[in-house]
Amino acid sequence: MSLEVTAGKTPSAARLRKQSWYQRPRFKRLVAMVVTAVVMAQVTGVQGVRNDLFYALEENFTGTGIWIWLGIFLAIWAVREFFQDWARQALARVKAAAAPLPEDGTAKAAPGGLAGQVRRVADGGRRLSTLFRGHRAYQAGGLGALLLVLIMLPLMVSTFWQQVMVDQIGMFLLIAIGLNVVVGWAGMLDLGFIAFFAIGAYSAAFWTGGLPVEPPVELNNFLVVPIAVLTCLIAGVLLGAPTLRLRGDYLAIVTLGFHEIVYLTAKNWTEFTGGTRGANSDRFSLDLGFWSYEWGLDPAPYYWLQLAFIIGVLFLFLRLEHSRVGRAWTAIREDEVAAASTGVDTVRFKLLAFAIGASTSGIAGVIYASKLGFINSEMFLVLMSVLVLSYVVFGGMGSIPGVLLGTAILVWLPEYLRDTVDAQDRYMYLGGLLVVMMIYRPQGLWPSRRRQRELRMSQEGTGSADALGAQPGGAQG
Amino acid sequence: MSTNLDKDALPQPGDAATDGPTPLLELRDLHVYYGAIEALKGVSLTVPHGQVVALLGANGAGKSTTLKAASGMLRPRTGDVLLRGERVDGIKSHELVRFGIGHVPEGRRVFARMTILENLKMGAYRLRRPDPTDLERVFTLFPVLAERRKQIAGTLSGGEQQMLAIGRALMGKPDLLLLDEPSMGLAPLIVQQIFEILREINEQGTTLLLVEQNASQALRLADYGYVLETGAVVMSDQADALLSDPRVRAAYLGEAVE
């Protein structure tokens, strides 16, 4: 009976098609703007106090601050909604003025006034960009200038920011570049990447004689770097070999387990690692006979050392991206069966991705241990792995400039917020930023062209955006 | 068949080492299992140099399994795969590519997010120094691909993707091309076009082993045909003989049984 009733009732198409006023995009955008204004008022307003739970909310929502922010964001919304045509026309006029003169139109001189100004600026920009694109010398000059700025950077900032640049930004940059190989290029989700960082750091402590056990020979940190890299390569292969058949979520869980194994070993094997009480590590020192130098407490020399390592790694990895190896990784990420059928040894290249990705963590580990002079197991929490992964995704998986930018910004932000918001709240804003970013710009800050294409295609329904290649069943076919 | 003689007279890329009666590919008594299920129960077949051999059969007859065993994607439990008289079973598929086997996998499997050109370049991956004339050759065979070399493969139509998959396999300079259902899900006109091109590829000296549901198209292209049923060869003959065989006509060409 009841079956007949439900089967007989056709839902009203008109009712299903109806869109309520609050579902219209215009209203949704208004809500988004109001929420942003409220958040901004809260971020820039007064801080909370312990004895009055709602002090900050009260202050910030009754003062003038919130009205200023609401005004700004409502104005943006209004311009976007009601003056769009006008804004578009204005933009078109500017574009027309800035467009290059047609070849035969040389007789027509640049018009005066504002349009002429725009044209002159645009022409200048075009000339500059062709200059840079056309001449290697100018490109080299640009890179040189950038390098100079990077070298001079520590001299321009306070010691606090120097510390942040060395202990956090530089270190995470090295790790993120490595993780990008595994996640961005080979398409394997790794949630335990900090394990390799820990292995690098403990290698440094071991070979410089910092651990409770004696190394066969005590080595200089510069010699420890290749050893740590090698150790991480081997660890990468050890992790990779048994897990190669797994993909997507399954692989992620295995890497998480690997991280826990490394972390718990560091924590509980106190006779070897020192556990939570930690171990000491030597500082970098260089002795060339006629000249010797020891890296001390000053962060700036460490910054330069780290910069040199990062530039070296970047040079190698940028070359790798467009090599046969890089192409093989892309093919594996796209379709493993097809990759194998074109002659790509999928097993070998996946192992290689794990190993090469792990290697930069080795360098980062040695520098970190040496810079702090002390390590303990609590520095290598699984949270760190998740953070690094979010840096890579935020910047743009598979794109080296994106990963560099994303890491730098996300590491910088909480440190910057230290002065503006409550110290405990800093990561809340970071989380909010990540959520907003993933909704509105999932391809990352500076995505690789291929990744952008993947996302666009998945929106059009012609491909899968899941570059991590999770396939039902978990095992490859 | 006279056409066979003509083809044998052509210089064959893989002929230097072996000539005369040794076939390019030979499968001997293959037994393949998926877990406890025996998918192939002793399949034997021969693919002579320069010919087109078709594998026919219903769904689940073991056609694709046979092809996968030949291309190294599956390892037979017993039985031999011989390439130019040499045993190659147990060699991984990416290694077999280097022996001159091109594989067009089932369902095309183009790199959907790469351009046509990138797909084709990936096809030449096994060659240390890709030959630019290979690209010319593929673009001559498939003018559609040449027009759109910058287009993303995932946005191509099914037929164009199939052409791209074949083109990609050709970029690796195979002597033997294994094709798994090139007509799958394509309009009759496109199927005809693709089979025309396959004939041309064969005439240029590439041996083809073809798995097909479309028996009439396959047998018209092929020199020799095998019919598989539940993991065993039940019939094999010259293609035109099979095409006129009443049992084949009844089972695969949809004709009423007398």
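Here the Cβ of each residue, glycine as well, is placed from N, Cα and C on the backbone.
Caution: TrEMBL annotation is automatic and unverified by curators.
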- For TrEMBL, the entry transmembrane segment belongs, out of A:27-46, A:247-266, to A:27-46
- Query: Do the transmembrane segment (A:381-414) and the transmembrane segment (A:351-369) share at least 3 Cβ pairs closer than 8 Å, excluding pairs fewer than 6 residues apart in sequence?
  - Reply: no
- Query: List, by number or range, the same-chain residues at least 6 past the transmembrane segment (A:66-83) whose CB is under 8 A from its CB atoms?
  - Reply: 26, 29-30, 33-34, 36-38, 40-41, 44-45, 60
- Answer with yes or no whether the transmembrane segment (A:426-446) touches the transmembrane segment (A:169-186) by the criterion of at least three Cβ pairs under 8 A, sequence separation 6 or more. no
- Sequence-distant contacts of the transmembrane segment (A:222-241), meaning Cβ under 8 Å and at least 6 residues beyond its ends, amount to 195-196, 199-200, 203-204, 207-208, 254-255, 258, 284, 286, 309, 350-351, 353-359, 361-363, 365-366
